[in-house]
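**Student:** This structure is in structure tokens; I'll ask about it shortly.
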Amino acid sequence: MEQIVEWLTSSKHTVVLTGAGMSTESGLADFRSKSGWWQQIDPRTVATTEALTSNYALFQQFYAARIQALEDVKPHDGHFILANWQRRGLIQHIATQNVDGLHTLAGSDNVDELHGSIRSVRCQKCGQAAEMQHFLAKEACPCGGKLRPNVVLFGENLPQEAWNHTLSHMKAAQLVIVIGTSLEVYPVSQLPHMTNGKTVYINLESGQSHFDLTIEGKAGETLKIIDALLKHDTI
Ligand code: APR
């Protein structure tokens, strides 16, 4: 742990990339763990444009359930610690694959949501933004199109601005900290290879071998330990 404290305090450009493992301590399921979404449901039946067009009832039910589950979900200490590190200038950028908005709710700025957000919806046909309650009530767009959350479905392009912004931060980074992701989904899985900086992987399962430092553990707990060492370090 001392090594990451040293790298964090000496790095002039630190980027954090998170995945669903960053939100499990807030009570949200991840995707590929034993208790993950994709162990219960085939992603092709809900997380593709094919599912949106050919099986809208199941598509709407899946996302409506995840949206409604967010009502009782709050950021955990790990989210607040990252927001505090950003305010203190210890980290310069946060990019996430998560669509739950918890980094922003915890006070982090300019978070790049590389897989979009489940907190807003639009019409699949005309692209118009729509009210969430219309999606939850299974209503169609006035144009007749189907409403869908602003998440990136498998096969869709990532938001170009968020991707380019994160890529430029990765290229400039002296330190990249990847937290709570299996790194199984392209192109985000490629991001840690696009930096010349030191790379750290904080995850429950180690699984990745090309990082300079791997810390096996829970995101929130690990961030609390590092934060305590940082505070000690700055006394
Ligand atoms: N602390 C640290 N790691 C954790 C924790 C935790 N509390 N809980 C789970 N993990 C780890 C799991 O062991 C797993 O390796 O986080 C990782 C989560 O991996 P995935 O479930 O594959 O989630 P993610 O990598 O974010 O998936 C990427 O896949 O289906 C798409 O769009 C979806 O954005 C998602 C993308």
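Each residue, glycine too, has its Cβ placed from N, Cα and C.
Sequence annotations record features per position, and here TrEMBL assigns domain 'Deacetylase sirtuin-type' to 1-233. Per TrEMBL, active site, proton acceptor is recorded for HIS115. The feature Zn(2+) binding site is assigned by TrEMBL to CYS123, CYS126, CYS141, CYS143.
Can you walk me through where each of these features ends up in the structure?
**Tutor:** Predicted-model confidence for the domain 'Deacetylase sirtuin-type' (1-233) is 97, expressed as mean pLDDT.
Every protein chain shown contributes to the tally, and the Cβ of HIS115 (active site, proton acceptor) ends up with 21 other Cβ atoms within 10 Å.
Neighbours of CYS123 (Zn(2+) binding site), defined as other CB atoms within 10 A of its CB across all chains, total 20. Classification of CYS123 (Zn(2+) binding site) by DSSP places it within a strand.
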**Student:** When you measure from each Cβ to the nearest atom of ligand 1, which of the recorded positions HIS115, CYS123, CYS141, CYS143 fall under 6 angstroms?
**Tutor:** HIS115
**Student:** Given the binding-site residues CYS126, CYS141, CYS143, and counting only Cβ atoms in the protein chains shown, which has the most within 10 Å of its Cβ?
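**Tutor:** Of the binding-site residues CYS126, CYS141, CYS143, the highest Cβ count within 10 Å belongs to CYS141.
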**Student:** Other residues with Cβ within 8 Å of the Cβ centroid of CYS123, CYS126, CYS141, CYS143 at the Zn(2+) site?
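**Tutor:** Here the non-site neighbours turn out to be GLN124, LYS125, GLY127, GLN128, ALA130, ALA140, PRO142, GLY144, GLY145.
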**Student:** Between CYS126 (Zn(2+) binding site) and HIS115 (active site, proton acceptor), how many Å separate their Cα atoms?
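**Tutor:** On Cα coordinates alone, these residues lie 21 Å apart.
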**Student:** Express the distance between the Cα positions of CYS143 (Zn(2+) binding site) and HIS115 (active site, proton acceptor) as a whole number of Å.
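**Tutor:** For CYS143 (Zn(2+) binding site) versus HIS115 (active site, proton acceptor), the Cα atoms are 26 Å apart.
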**Student:** How many whole Å apart are the CA atoms of CYS141 (Zn(2+) binding site) and HIS115 (active site, proton acceptor)?
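**Tutor:** It is 23 Å, counting Cα to Cα.
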